[in-house]
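Features of the protein shown, as given by Swiss-Prot:
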- 1-50: signal peptide (SIGNAL)
- Asn69: N-linked glycosylation site (CARBOHYD)
- Cys82-Cys135: disulfide bond (DISULFID)
- Asp95, Gly206, Thr214, Glu216: Ca(2+) 1 binding site (BINDING)
- Asn146: N-linked glycosylation site (CARBOHYD)
- Cys165-Cys249: disulfide bond (DISULFID)
- Gln177, Asp228, Val229, Asp301: Ca(2+) 2 binding site (BINDING)
- Cys191-Cys244: disulfide bond (DISULFID)
- Cys196-Cys207: disulfide bond (DISULFID)
- Asn238: N-linked glycosylation site (CARBOHYD)
Amino acid sequence: MYGIEYTTILTILISIILLNYILKTITNTMDYIIFRFLLLIALISPFVRTQNYGMYLPITGSLDAVYTNSTSGEPFLTSTLCLYYPTEAKNEISDDEWENTLSQLFLTKGWPIGSVYFKDYNDINTFSVNPQLYCDYNVVLMRYDNTSELDASELADLILNEWLCNPMDISLYYYQQSSESNKWISMGTDCTVKVCPLNTQTLGIGCKTTDVNTFEIVASSEKLVITDVVNGVNHKINISINTCTIRNCNKLGPRENVAIIQVGGPNALDITADPTTVPQVQRIMRINWKKWWQVFYTVVDYINQVIQVMSKRSRSLDAAAFYYRI
């Protein structure tokens, strides 16, 4: 009888030990699986884009409004806007409080006081060489000048795109353009640019390297010249060095957070660099030119539409630059 009881107790103990071992084995296996699963999630999460179902509540000073779920916040609630204008606009308005007035008007379009900055420039040529663009979104007002239509389109090309430039010593060296993004930019009070293409023996093609009068004239008496020649061919260059400078530049890509508003003029300027593409006229606004107050009122009215086709502090090489006319 006692032998049967001891056997029963021993069987129960063995069962408990075996069950405990099975449970520990299952626990260790689950820990291993969960650890590997979490590790996999941690590794792939930076490469996965998913919908954010959180609530985005921008701080505007008051939260007594209903906000809908969105993955992208309203740009004018969280961003800064710089408006660049010619000094003549400020002189014509002649009102010490005009910027404050415009700030109040921008407030009606959703731009908080202090988020819009007004900056004037004396000369658009100087401004375009190295534009100081400080804000998330930058809008440049450029007055149309019928005496320099070509210069205006090239100025827009400088402002709307980012360039990397180096000085050129045309008295010592030949130069060639390596790609369609490689241009020679000349600027000064009077720029006349002449070029002589060279063959592989550095002899002039249709010109004499020793006689600048035989060079081809690509620009005459202009303030700004963006010279585009045949790629991969050496050129001897001649410019009026006393009144003009020249630089070898590469276009890095568009400044997507910059737009230009052309003020006045009968036609919108086309700044398309590639003649095989459709002209960039689909993003142009136009109104009749009257006075600078009228210009600024129109800018306030349309500013949010302009912002929607720009990118905040971005410089993607795949997107187009933007040019507007009012």
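In case you wondered, yes, glycine gets a Cβ from its N, Cα and C as well.
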| Ranked by the number of other Cβ atoms within 10 Å of their own Cβ, which of the recorded positions Asn146, Gln177, Thr214 ranks first? | Gln177
| If you run the three-state DSSP split on Asp228 (Ca(2+) 2 binding site), which class comes out? | coil
| query | Cβ-Cβ under 8 Å from Cys191 (disulfide bond), same chain, 6 or more residues apart: which ones? | reply | Ala219, Ser221, Glu222, Lys223, Leu224, Val225, Ile239, Ser240, Thr243, Cys244
| What are the non-local neighbours of Cys207 (disulfide bond), defined as same-chain residues 6+ apart in sequence with CB under 8 A from its CB? | Cys196, Pro197, Thr214, Phe215, Glu216
| task | For the disulfide-bonded residues Cys135, Cys165, Cys196, work out the Cβ neighbour count at 10 Å and name the residue with the minimum. | result | Cys165
| request: Looking only at C-alpha atoms, tell me how far Gly206 (Ca(2+) 1 binding site) is from Val229 (Ca(2+) 2 binding site), rounded to the nearest Å. | output: 15
| message | For the C-alpha pair, I'd like the distance in angstrom between Cys135 (disulfide bond) and Asp301 (Ca(2+) 2 binding site), rounded off. | response | 20
| remark: Taking all protein chains shown into account, the Cβ-based neighbour count within 10 Å for Cys244 (disulfide bond) is 21
| field | Rounded Cα-Cα span from Cys82 (disulfide bond) to Asp301 (Ca(2+) 2 binding site), Å | value | 16
| note | Asp228 (Ca(2+) 2 binding site), Cβ-centred 10 Å count of other Cβ atoms over all protein chains shown, is 13
| request: Could you tell me which of these binding-site residues, Asp95, Glu216, Asp301, has the fewest other Cβ atoms within 10 Å of its Cβ? | output: Asp95
